[in-house]
Amino acid sequence: SGKAEGTQYGMKNQTTINVFILLGFSYGLQGQTVLFLVFFVTYVVTITENAIIIFVVKNNHHLHKPMYYFLGNLSFLEMWYISVTLPRFLFGFWSQSKSISFSSCMTQLYFFISLMCTECVLLAVMAYDRFLAVCHPLRYTAIMTHKLCFQLSFLSWAGGFSVSLVKVFFISRLTFCGPRVINHFFCDISPVLNLSCTDISLAETVDFVLALVILLVPLLIVVFSYGCIVSAVLCMPSAQGRRKAISTCTSHFSVVIIFFSATLFMYARPRRIHPFNLNKIVSIFYAVFTPALNPLIYCLRNKEVKQVLRKMISTSCPA
C-alpha cells in the first residue's frame, strides 16, 4: 500500500512539469555572436522589406489590384510569422535562462502553426487569382471583385487559425513528465510531442491528418491552377503575350516551390523518424530565411513593383 502511494506521489510530481528548456544552438561564444548577428540582421531586413511592400501597395493606386492585395496580406503575414519565433530566439543568445513556460510554448506553437496554415491557403488563393487572370482575362475583373478578395483573404486567415486551434488543443492535453529539454530553437510540433510521457497517438494522428489536409488541398489547387495556366500560355499566338503571362506568375510560383517543399518535408511525415538536428536546419530555412526571400522574389521578378519603387526612390532622392 505504501509503495503504491509512493508511486502515485511520484507520478503526481512528474505531471507538474510546466517549464521547458529551448536548447537552440550551441557553438561557443564566437559562434553565438556570429549567429546572433546573422539572425538579427535577417529579422530587421525581413520586417523592413515586408513593411515597404505593404506601404507601396497601399499608397499606389496602380497596385490596387487583387494580386497586390493578396501580396500585401502575405507580407503582413510574413512579418508576424518571423516575429513569433525569432525575437525570443535572439533573446536566448544572451540570456542565462533558456526556459519557456508551458503556456508560452503552446501560445508560440499555436501562432506559428496558424500563420503557416494561413500561408498555405493564401498561396492557393494567389494561384487561383493568377489562373483567372491568365485563363479568363475578359471575365477577371467581374469575378475577382473587392468583395471576393476580402472573402478569400478572410477564408485564408480563418482557416489557418481554426486548423491550428484543433492541433494545439490535442497537444496541450498531453502530460509532460520530463525530460524538459526541447532540442529546437522554438516550440515546434515534433519536439514537443516527443517530450510527452503519455500516449501521443491521438494527437499525432490528428496533427498528421490535418497537416495533410491543410498542405495537400492548397497544393492541389496550386497544381491545377498552374496546369491550366501552362495550357493557356502554350495556346497563346504571340510570344509577347506568353512572356507577359509568364512574368505575372513566376514570382508566385517560386515562392510556392520554396514554401511547400520545406513544409511538406517537415509536417507531412510521421513524427518519430525526424532527426532533430535536421529539423532545426530545415526549420531555419522556412521559418527565418523564407520570409526574408519572399519580398525579394516579388520585387525582383515583378515589373510593376520595381517601377513603383524606382519612382518612389527618384522622387525622394532626385540626385
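From the backbone N, Cα and C atoms, a Cβ is placed for every residue, glycine too.
TrEMBL has this to say about the protein:
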type	residues	note
DOMAIN	49-298	domain 'G-protein coupled receptors family 1 profile'
TRANSMEM	34-56	transmembrane segment
TRANSMEM	68-89	transmembrane segment
TRANSMEM	109-128	transmembrane segment
TRANSMEM	148-170	transmembrane segment
TRANSMEM	208-234	transmembrane segment
TRANSMEM	246-268	transmembrane segment
TRANSMEM	280-300	transmembrane segment
Contacting positions for the transmembrane segment (148-170) when only residues 6+ beyond its ends and CB under 8 Å are counted: 66, 69-70, 73, 106, 109-111, 113-122, 125, 128, 189, 202-203, 206-207, 210, 213-214
Surrounding residues of the transmembrane segment (109-128) on its own chain - C-beta under 8 Å, 6+ positions past either end: 67, 70-71, 73-74, 77, 80-81, 84-85, 152-153, 155-157, 159-161, 163-165, 167-168, 171, 186-189, 192, 214-215, 217-219, 221-222, 225-226, 252, 255-256, 259-260, 263, 287
Cβ-based contact of the transmembrane segment (208-234) with the transmembrane segment (68-89), 3 or more pairs under 8 Å: no
Proximity verdict for the transmembrane segment (68-89) and the transmembrane segment (34-56), three or more C-beta pairs under 8 Å: yes
Mean per-residue pLDDT computed across the domain 'G-protein coupled receptors family 1 profile' (49-298): 86
